[in-house]
Amino acid sequence: MDIIQAIIIGIIEGFTEFLPISSTGHMIVASKFLGVAETDLTKAYEVIIQFAAILAVMLIYREKITFKKIDLWMKLLFAFLPLAIVGFIFKDQVKALFNVQVVAWMFIIGGIIFLIVEYYYKEQAWHVKDVEKVSWTQAWWVGFAQIFSLIPGTSRAGATIIGGLLAGLDRKTSAEFSFLLAIPVMAVVSGYDLLKHYQDFADANWGAFLIGFIVAFIVAYATIKLFLVFLQRFTFVAFGIYRIIFGIFLLMIL
């Protein structure tokens, strides 16, 4: 992987990881057009840029990553449990699901679900507007929704945001809870992948890896900030439409 490829993939990871559009499908397209083979080394690089994305969230929400916010973090860990349990038990079945057809169709299905939810969703005065006021029950339902992100192409952000909306959170709080929930999820997943691929770093182009890490961090940081501004004025309809179009595009080219 050269520096240009590392930068482009870093941009895609940073931009798509926290939006409800699934980074998986975009990585597939990027790898195809960039001619990047799916090797252990590229998987190792993906681990590096995922850590960059985690750091972006931690920097933005650094005031919430303290012992004073222990109640919030207990709820986030509680929400993480369904995914951890189901993912561990059915890891082989989940791995068998990974193919482009599944990814494409989950883009389309996820897009349709977003459009349906937004058609009926109306923000109410009783909706939770502060991520620290999310209840244990609401945290559980967001965590339950996250299970569906085990299906490739679903989008972890998309599943948790939908779960948040259905559980009674407003749009911004749904997104913020999703961002924070990404920290334990991605830390565990990326940590596991790091242990699996640490030997592959011996052959790494560290210059490309470092630049990709920095790019992914900057893009993820900017994307989260802009996404929150976007949600103050708009709904998730645009993401639903985009998912459907991108899913059809995937079916046509791959």
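Cβ atoms are placed via backbone N, Cα and C, with glycine included.
Annotated features, as they stand in Swiss-Prot:
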- 1-21: transmembrane segment (TRANSMEM)
- 41-61: transmembrane segment (TRANSMEM)
- 70-90: transmembrane segment (TRANSMEM)
- 97-117: transmembrane segment (TRANSMEM)
- 134-154: transmembrane segment (TRANSMEM)
- 175-195: transmembrane segment (TRANSMEM)
- 209-229: transmembrane segment (TRANSMEM)
- 234-254: transmembrane segment (TRANSMEM)
Same-chain residues near the transmembrane segment (209-229), Cβ under 8 Å, at least 6 residues beyond its ends: 3, 6-7, 9-11, 13-15, 17-19, 45, 48-49, 51-53, 55-57, 59-60, 172, 175-176, 179
Best-contacting stretch, by C-beta pairs under 8 Å, relative to the transmembrane segment (41-61) and drawn from 1-21, 70-90, 134-154, 175-195, 234-254: 175-195
Long-range neighbours of the transmembrane segment (1-21), counting only residues six or more past its ends (CB under 8 A): 27, 30-31, 34, 36, 41-42, 45-46, 49-50, 52-53, 56-57, 107, 110, 114, 155, 157-158, 161-162, 178-179, 182, 205, 207-209, 211-224, 227, 236, 239, 242-243, 246
Recorded stretch that, among 70-90, 97-117, 134-154, 234-254, has the most CB pairs under 8 Å to the transmembrane segment (175-195): 70-90
The transmembrane segment (70-90) and the transmembrane segment (134-154) contact flag, 3+ Cβ pairs under 8 angstroms: yes
